[in-house]
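Working notes for the structure below.
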Amino acid sequence: MIEQAPLWTVPVAGAVLLALAGGAAALRGGLAAGRASGAGTPGAEAARLLVQQRRSTVAADRLLWRLGPAAVCVAATLAVLVVPLGRWTVWDSPVGVVWFNAMEVVVWAGLWLTGWGANSVWGLVAGYRFLAQGLAYELPHMFALTTVALGAGSLRVGDVVAAQSGLWFVVWMPVAFVAYLVAALGMAFWGPFDAPAQADLAGGVGAELSGVDALLLRAGRYLMLTAAAAFAVPAFLGGGAGPLLPAWLWSLVKTAAVLTLLVWLRDRLPTVRMDRFTELSWVVLLPATLLQALLVAIVVLVR
Amino acid sequence: MQLVVFVVCAVGAVAAGAAVFWVDSMARATFALLASFLFVAVDVLLLDLAYLGVLIILMMIMEMVVMAVFMIMYMMNPAGLMPMSMVHNRRGSLAIAVGTFLVLAAGILLIHWPTRRGAPPAEPTRQLGEALMGSKMLVMMVLGLALFATMVATVVLAQHRGRYHRYGDELDRRAPDDPIRGGVGR
């Protein structure tokens, strides 16, 4: 059902990701307009950062510092290669689910490098905050993905979509879906999990960034959020399945819907401290996802 | 094409591995080691072992980032302000490294390798797994359980504060008394 698209579609996938992320940034700007001031439109802000001169700090580790924000952007772009748009996928990898997980983990390295490289206490603390948070959300996230692969009997994203032709996974794996959304917020350090980029650290990981690097980190955050929303569609929401509209349009509509929910959640929930989230994650979320995986395993065995 | 990718990644892996001992910062050493592992992962992908290759990428990134946290905790050198060296016993280690390389390279070149019989299997990862564990699944599972129990037991024994600290001598405290409050139910 899902087929491999020709190689020239790689930039198309990147463009679609960028367009959706830009839309998310514009939506966020619109939602925050009543509260925050000074935030321009995404386009104007990007242009401002592009011409801004790069500042540096004393004894910064330039190489690692520049690598960090770029790694976040690259990771998000590589992650969407396995996400199908309707009938086509840029890379029909037999281990697409694992690939998405691996690219999402690149953000760990990217954020830590960004925080470390500046040789500034704010960034350093923020980098460690993200790792603490990452260790909390990663296992429930992995078990959510495992549950999806278990239900489909395959790690190929195309097979996962095909397995939902009767019933979407979100219906009988709701706990995994919730855990996935929590992790999606976590990996983009978004919403209640934005402790690594909080005002109490003067902006956290991005505190010392300026110019292109600041642009890359902010863009990377939206790109990662978009990539996570996009992967939720084939994993839980039936991929391009839907009435009337063509499959590719359904994929886009569903992605936009999940993305809107994630963006909207940001100002509705207070920031959760990493240590509280860690306990919640290990004591509540992890057993819940394990039970969900057990349930799905039993269903798969008996049917 | 495959040969080019292989050569680039093989040389890259060795170069990044050497860089681990060249750089003067723990952070750079860690990420040089990560780069080396990622090059190896691409070479594993070339063998059509898609799952293993992607798994190496996934596990090594997590491992190296967590390692960076601990290594820097013990060997603090903020962004190269206090240069450090990864090299100890310079002459001895050089001799061991060159010797090992020569022995292995000589082995590769001198051994009379058998020619391939039949075609590669459809799912190499599954075949590899079955060859490794097929008849020993029970042993592996028992071993896994024992290892996991050991880990949990070690953590429990190493805990500074046990449940009597948290819930009182009679275990009758309703909310645990923790140095850092917060989390579930508090």
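Backbone N, Cα and C atoms are what each Cβ position is placed from, and that goes for glycine too.
In TrEMBL, annotation is done automatically, which means it is predicted and not curated.
Positions annotated as transmembrane segment by TrEMBL: A:6-27 (among others).
Residues or ranges marked as transmembrane segment in TrEMBL: A:63-85 (among others).
Residues 57-72, 74-75, 78, 134, 138, 187-189, 196-198, 201-209, 213, 217, 220, 224 of the same chain lie 6 or more positions beyond the ends of the transmembrane segment (A:105-128) yet place their CB under 8 Å from a CB of it. The transmembrane segment annotation in TrEMBL covers A:105-128 (among others).
Below 8 angstroms of C-beta separation, residues 104, 107, 111, 130, 133-134, 136-138, 140-141, 143-145, 147-148, 151, 160, 196-197, 205, 221-222, 224-225, 228-229, 232, 235-238, 241, 258, 261-262, 265-266, 285, 288-289, 291-293, 296, 299 of the same chain, each at least six residues beyond the ends of the transmembrane segment (A:167-190), sit close to that stretch. The transmembrane segment annotation in TrEMBL covers A:167-190 (among others).
Under the heading transmembrane segment, TrEMBL lists A:222-241 (among others).
The feature transmembrane segment is assigned by TrEMBL to A:247-265 (among others).
Under the heading transmembrane segment, TrEMBL lists A:277-302 (among others). Within its own chain, the transmembrane segment (A:277-302) is flanked in space by residues 132-133, 135-137, 139-140, 143-144, 146-147, 150-151, 153, 172-173, 175-176, 179, 182, 192-193, which lie at least six positions past its ends and keep a Cβ under 8 Å from the stretch.
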